[in-house]
Amino acid sequence: MEMGVMENLMVHTEISKVKSQSNGEVEKRGVSVLENGGVCKLDRMSGLKFKRRKVFAVRDFPPGCGSRAMEVKIACENGNVVEDVKVVESLVKEEESLGQRDASENVSDIRMAEPVEVQPLRICLPGGDVVRDLSVTAGDECSNSEQIVAGSGVSSSSGTENIVRDIVVYADESSLGMDNLDQTQPLEIEMSDVAVAKPRLVAGRKKAKKGIACHSSLKVVSREFGEGSRKKKSKKNLYWRDRESLDSPEQLRILGVGTSSGSSSGDSSRNKVKETLRLFHGVCRKILQEDEAKPEDQRRKGKGLRIDFEASTILKRNGKFLNSGVHILGEVPGVEVGDEFQYRMELNILGIHKPSQAGIDYMKYGKAKVATSIVASGGYDDHLDNSDVLTYTGQGGNVMQVKKKGEELKEPEDQKLITGNLALATSIEKQTPVRVIRGKHKSTHDKSKGGNYVYDGLYLVEKYWQQVGSHGMNVFKFQLRRIPGQPELSWVEVKKSKSKYREGLCKLDISEGKEQSPISAVNEIDDEKPPLFTYTVKLIYPDWCRPVPPKSCCCTTRCTEAEARVCACVEKNGGEIPYNFDGAIVGAKPTIYECGPLCKCPSSCYLRVTQHGIKLPLEIFKTKSRGWGVRCLKSIPIGSFICEYVGELLEDSEAERRIGNDEYLFDIGNRYDNSLAQGMSELMLGTQAGRSMAEGDESSGFTIDAASKGNVGRFINHSCSPNLYAQNVLYDHEDSRIPHVMFFAQDNIPPLQELCYDYNYALDQVRDSKGNIKQKPCFCGAAVCRRRLY
């Protein structure tokens, strides 16, 4: 009996039976009835619906949260599992008070539907006891809606409307069923403090389906560069992943995180650039993961492995190169000043700079040849300090040489005014723009990470001369000046941010020492201070919820795929480590299982990436039109962990009582979209994309409230073209209904670029307390902006 009550409280357990009302009171009241005779068949737990709070806007947390996460079997006295129920769905509309903001709204001509009584629902617990009857009312949607347009923003201090946000995350087919869970009793509950929650049926209100793409499982049949995992049960060869065999859907999920809502058509050049780079890095990380899965003595890493070359081969073979076969003079469509690239091969893929080694790219211009782009990395004693004037050393003369085994270095010689050098000189006469890419190689022994390249914009070549170089031979020097009117490079702004007296600094550390690095607040717009709230670094569970740590693995050193047969944590992740050894996430999964508090592996384990807190120098800043936002003072490589979204974990009943302060309420639910998986199926030969969630496959059970208690994640704004995405992670318990929500970078993010993710609002589905449709413009400024937040 006690166990039945516990499960009912945590999950809003299954409803025993609901007698359908067809041709009855529902139809008499004019309520629209579902198809198939007005009866909606719901699976156990996965199909249970709950009435949503009437809030301004709704966004969901990752898959596996809410009541869809797992099937909880509740037995009655006869020991049988409760039968699948059939529930009559109708439009639900009830007027609720949303606080002072809505009380002040002047809304007229509102028609509310008459309430319709639906037969009470009865919850059955073990032993045949009935907890109580649950009644539901339904009504017609209100017409004569009023459009309320407000300025965008997520800060309560910005004066905008309150919002509840949807976090869209990745899932695949396996997450929709939520079968084979390891723990059916993940939480302990203090019975004296618990009141039975009141689940309700929801009908009619639909939420947006578009957003950050969620990946379905992919299957690779390409033998040359198959991105699959090894066979876990193979005794002949435990470590080598056999390219002659097909990979199962669970073995391959490339993270080239998908497009945002409204951008799947690919009409935007900017969107095409982002999609291509995400595909490239997804393949890179998968190749690296494949190599890291081998025993150390068999790894190619550090022994000539060029994952960028191998990944580019896959993209080129599948026709994913942009601007292939053409040379572009001037701006490359979709490439913006300040864009960062981890590998030089990315410049080739996008058509920014096609030579893989030469520093000067050129094309035919009439009868002459002019330069189209240069890579200035300081290798030729280039002067890179001035942001507007660049002194570039010509190519040739055997200046830059790398000694290879069995080869002798050539003697330096004078540079000649030919090929690229001649093209740069001709650009002076023709006054043609030259793209400049500044490169700074990372000071690390790991060459597989490549260099760091930043697109600086367009320059004009002003003059050139010849002088003696550092090696004693004549070299050509070219002076280029940046064309005015282009955005300033981020590293110039970073220099200003590191000055002793920083303009606009209004708080040194909003975390008050709770984070490893201070998180400052900067406002260069006005005199507004950051909103007051209690900073916390951990998700706050209610008193009645006590997470039960999962079983530990047997590892005493860092967990690896080589120990998949004995490491329980690796086995939970499909027999592979979901991160590269540098901490970058490899692929989007429904849920990532990290090592828990009972595991004996060290803190440096590859399966503890998100448990070390925030490592990046983040700060909040006042935006021009969207309240407070979040940015980073350094470059963020794609796949990097950013932060967790933390707050107070609430049940729906408690969250409904806090509706007056719903700006930071997050409904935990499911979202699934296979748009990126469709793109990956085109990239990788033989891959298949799974189905998307149906319109009715959504539910909600829990909420995270960061209004009064939260961390820096509460300030992250919306964008129609986001650079972050959310991922389910479990480590301190195994209840997939309430996972930790972690933000990861889905792009290479330059310093001081605002960090954003897609709130996934449903257009024309957000209503105020009077039932009127509300509209709010979007000011994200993305090339694929939907122009409306909801």
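Even glycines carry a Cβ here, placed using N, Cα and C.
As stated in Swiss-Prot, the feature region 'Disordered' covers range 251-271 out of the listed 251-271, 293-313. CYS569 is the residue from CYS545, CYS569 that Swiss-Prot records in the Zn(2+) 2 site together with CYS553, CYS554, CYS595, CYS599. The candidate list CYS506, CYS559, CYS643 contains one residue that Swiss-Prot assigns to the Zn(2+) 3 site with CYS595, CYS601, CYS605, namely CYS559. CYS569 (Zn(2+) 2 binding site) falls within a helix when secondary structure is assigned with DSSP. Taking the centre of the Cβ atoms of CYS559, CYS595, CYS601, CYS605 as the Zn(2+) 3 site, the nearby residues of that chain (Cβ within 8 Å, site residues left out) are CYS553, CYS555, ARG558, CYS567, CYS569, GLU594, CYS599, PRO602, TYR606, LEU607, ARG608.
Relative to ASN717 (S-adenosyl-L-methionine binding site), the binding-site residues with Cα atoms inside 10 Å are CYS780, the candidates having been CYS554, CYS567, CYS569, CYS778, CYS780, CYS785. Using CYS605 (Zn(2+) 3 binding site) as the reference Cα, a 10 A cut-off selects CYS595 from the binding-site residues CYS567, CYS595, ARG626, CYS778. ARG714 (S-adenosyl-L-methionine binding site) falls within a helical segment according to DSSP.
The average pLDDT computed for the domain 'Post-SET' (774-790) is 84. Here the candidates are the binding-site residues CYS567, CYS569, CYS599, CYS720, and by Cα distance the one nearest GLY627 (S-adenosyl-L-methionine binding site) turns out to be CYS720.
Sorting each residue of the domain 'Post-SET' (774-790) by its DSSP state yields 0 helix, 2 strand, 15 coil.
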